[in-house]
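Okay, structure first, notes after.
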Amino acid sequence: MSEVLPLITRRGDRIAFVSGLRTPFARQATAYHGVPAIELGKLVTSELLVRTGIDPELIELLVFGQVVQMPEAPNIAREIVLGTGMSVHTDAYSVSRACATSFQAVANVAESIMAGTVEVGIAGGADSSSVLPIGVSKALARTLVDMNKARTLGQKLRLLSGLRPKDLLPVAPAVAEYSTGLRMGDTAEQMAKTYGITREEQDELAHRSHKLAAQAWESGVLRDEVMTAYVPPYEKALSEDNNVRHDSAIEQYSRLRPAFDRRHGTVTAANSTPLTDGAAAVLMMSESKAKSLGLTPLGYLRSYAFSAIGVQRDMLLGPAYASPLALARAGVALADLTLIDMHEAFAAQTLANLKLFASDEFARNQLGRNAALGEVDRAKFNVLGGSIAYGHPFAATGARMITQTLNELRRRGGGLGLTTACAAGGLGAAMVLEVTP
């Protein structure tokens, strides 16, 4: 549906974000090496509760996501509830929408508040690319199942004798789309070629992302929304994202070779977001509940939308499909926005989506609209940098973007912000946020 859809409770309350927090993000196998996503989720949720001063018993619902799931704890949300002092009666369930996972968590909490089933909830996500579910081959997995049913030692030995040495090798998690076999970087290369995105344009966007993120850290504007993380073995603390290049220089980017299409490609490690560990969460409640608790909301959820497209080509166009829906449901136009924050999975993907925002042909042929959303004012776009600089713990990125946008809107005296992301599987997400003066 594309008509205006006010997000209010049955009592007429808006959906309020009271607080948001994240851990510093760390590149794979660095500061959080060996720390599972569950522990990162507990860490950020505990600190969020402490900082807001809210009684943990008041939390009625926690919706959390994890993209790289661990088999031993498939419901990360419930483990966070049990490990952070909330009531054992607090409902909790996990969601996964690839890179848009915490957008989904926020939408689910919002829907529960609108339905009147809860008044207070936490949404977020955590991921670790350093603690991975290492699997076994299909042959070994089948043999282990059969051995469990074997009755005698002889039967078990006969089963084992059918294995080959290669069957005993560990199997790393897949980095490609299940349905196509394409890696995300392969899709980014497709998009660069389809939409004529040059290597120079990609490198410039990556440089801009790092430069603005470095300025944000140096100015101190991120301090209140990023906690200091102490993790085992508790020898060092991490207080800043360790992927941000404070000395980024544009000439450095041209030295890297293509990472996916080695001969003709333009997507490199430098103009892509790295594998990252981290967690982020937001505290949500009805507007009247916040008032009764004496809490001042950061801002409000004005609208949201999700989208899905084909996965064979250019599947990372989620922002171009979901954003028009979110804006229409909020009853606003692109020109009404104060800020636009788009997830930078790859510079090529980001630039392709920006092109389609301004394409009348795309609007008519793919969206059924009379005209394009419009050209994005770069002065409003990813003003604090983006995922290429901060990193991308898959399930945490949406909550980071929401908190960051709300805080920046407050610093600017209020306004409307669009946060939007692409996701694996041809999925997309967009949310319109509002901060009143």
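Even glycines carry a Cβ here, placed using N, Cα and C.
Here Swiss-Prot flags CYS99 as active site, acyl-thioester intermediate. For HIS392, CYS422, the entry in Swiss-Prot reads active site, proton acceptor.
Shown are the active-site residues CYS99, CYS422; the one with the most C-beta atoms within 10 angstroms of its own C-beta is CYS422. Across the structure, HIS392 (active site, proton acceptor) and CYS99 (active site, acyl-thioester intermediate) are spaced 8 Å apart at their Cα atoms. For HIS392 (active site, proton acceptor), the number of other Cβ atoms no farther than 10 Å from its own Cβ, over all displayed protein chains, is 26.
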